[in-house]
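One structure below.
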Amino acid sequence: MRVVLAEDLFLLRDGLVRLLEAHGFEIAAAVESGPELTRALAEQEPDVAVVDVRLPPTHTDEGLQCALQARRRRPGLPVLVLSQHVEQLYARELLTGGGTSRPGGAGSGAGGVGYLLKDRVFDAEQFVDAVRRVAAGGTVMDPQVIQQLLARQSGPDRPLTRLTPRELEVLELMAQGRTNAAIAARLVVTERAIAKHTANIFAKLGLEVSDDDNRRVLAVLAYLDHGR
Amino acid sequence: MTNDSDSDGGSRTGRGRGRGVGLAAVRGLALALVSLPGAVLCFVLSAVSIALIPIGIGIVTTPYVLTGVRMFANGRRVLAAEWGGVRIAPSYRPLPADANPWARTFGMLGDPATWRDLRWLPVDMTAGFVTALLPAALLLYPLEGLAIAVGLWRVLPDGYWYGFVRVTDQASALGAGALALVVLLFAHFFAARVLHGHFLLTRAVLGAPDRELAERVRVLTETRRDAVDTSAAELRRIERDLHDGAQARLVAVGMDLGTIEALLDKDPAKAKELIAQARRTSVEALSELRELVRGIHPPVLAERGLGDAVRALALRLPVATEVTVDLPGRAQAPVESAAYFAVSEVLTNAVKHSGADRIWVDLHHADGHLRAAVTDNGRGGAVIGAGSGLAGVERRLGTFDGVLAVSSPAGGPTMVTVEIPCALS
């Protein structure tokens, strides 16, 4: 699997290259600035791009903008965005492709998007798993984004209060982009039990059940982001 | 302002004062002779040049004319300092050297000091002229009286008036002489003061308004002290947070790594446990650093500017918050930061105390001011002070000449407006 990596700090770039190579990824290019990233994405046609939000020369959100641009040129290009801080604002833009359409809406081109804190690199297995899921067209959201969303939606007389604590736990993991199997493994229960929980959650929140994993994640994220 | 030295009219010896009278008379006479035509010329040229601005000629000539007026005024400033000990600080705004005539003309016309100059000219050609001429008159007029007394009265037409004395014969001529002595005595005491008065008058019209300046200095002193206090307190807080937080955790991670190294062969299970702990500690250190950074300068603010930073902030609030932004550019970083933290504090306040379930934030720039209005539908009753945190916001805004206004009737709604003068780039 070929990866284009953009990270301006040498130590982190070097570490990420070694980490990804150790897990069988091929580093097509490891660049350190926005313009270089744009060029690399156009020339290398990678399976997935791992991009730091803040890149030279502006040291603003150059990486995010490059990623969004690349996805507009090549819809569905898998991009995993890394940052020292996570913002719902950026998550929303990634999910909607920088436009205003709702995530999961028709033709939004969502999927193959990831947004993680750099800290997640500490857990190599989980990080590599996230890269693979994004490359496969899945959606990966940092637990912090999900927690912020849940906090906003958990006020009194919100539908979320109708969920059991276990269902909330499942919802949180689901919103991070995990499959039923992964959630089951994480909570040490059977996949069937998780399937039952998800069915309950969808019923209680009034969401349409979908077999497609990624559509399911997007529906949940849209629900959490905008409420009903 | 410096104290006015009273050297010419004050406590000198008789001889010194006598010389002072002569000097004042000569200086006043010179001043009067130069100032009247100068002031008239300046005034007329200025009026004509400004009147010609609509047809374009004035745009070319006005900068030159006004520069001439400034030179004339500056000449008087120098004389006021040297002859009267009256210091009149020039307060012209600097103009860019490469400014075009248009920018120069309107830059100069926009300067209050220019209008003070133009107001001063008619004053100078009337009251200024009289006060400059008076010392000379006070000295020369008695000479005429004395001349009359010693015989000049004989050649004068009958019934000549010297002051209020009608000169007809030697007796009345002596009366005129006596009056001349009185005037001379008066000149002896007051001639220098009259000239001094001329310069004081000049300062009153030409000088920058003192009261406003003093008030401004007071405000600046106060806000600067607040700014220094606040930043010192902030630095102390950051130091403490780093010392007790991230720094201590990194030490712990380092110690764990040392222990792990020693345990690796002897007790791999224990080592593994410590590795997990070290990782947890480093994650904690990172998240602490992240919070600290957010408190110093929020990353979104650096990456996206004020509008998106406030939007990102709103997304973190537990209360539904609608943000409208109309900013055509970005303000300077310190202003953005001040505005962000002000809005942040106001929002925190609203969430904590108002009991509102909706908040609206409106950010826009108009008339050279950045305005942020935070409105909530809560119970109202918010006041500056009363431990609400709004007083702190007001103090910190002071550094930027920013103001905070609160409208919060009991029962709500509450609207807090923050306004900071600034230009957008």
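From the backbone N, Cα and C atoms, a Cβ is placed for every residue, glycine too.
Look at TrEMBL and you will find B:334-424 tagged as domain 'Histidine kinase/HSP90-like ATPase'. Annotated transmembrane segment per TrEMBL: B:21-41, B:47-67, B:126-153, B:173-195, in sequence order.
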Next item on the list: May I ask you to check whether the transmembrane segment (B:126-153) and the transmembrane segment (B:173-195) make contact, with contact taken as at least three Cβ pairs under 8 Å and only pairs 6 or more apart in sequence counted?
Entry: yes
Next item on the list: Summarise the domain 'Histidine kinase/HSP90-like ATPase' (B:334-424) by DSSP state, stating how many residues are helix, strand and coil.
Entry: 30 helix, 30 strand, 31 coil
Item checked: Average pLDDT across the domain 'Histidine kinase/HSP90-like ATPase' (B:334-424), rounded to a whole number -> 89
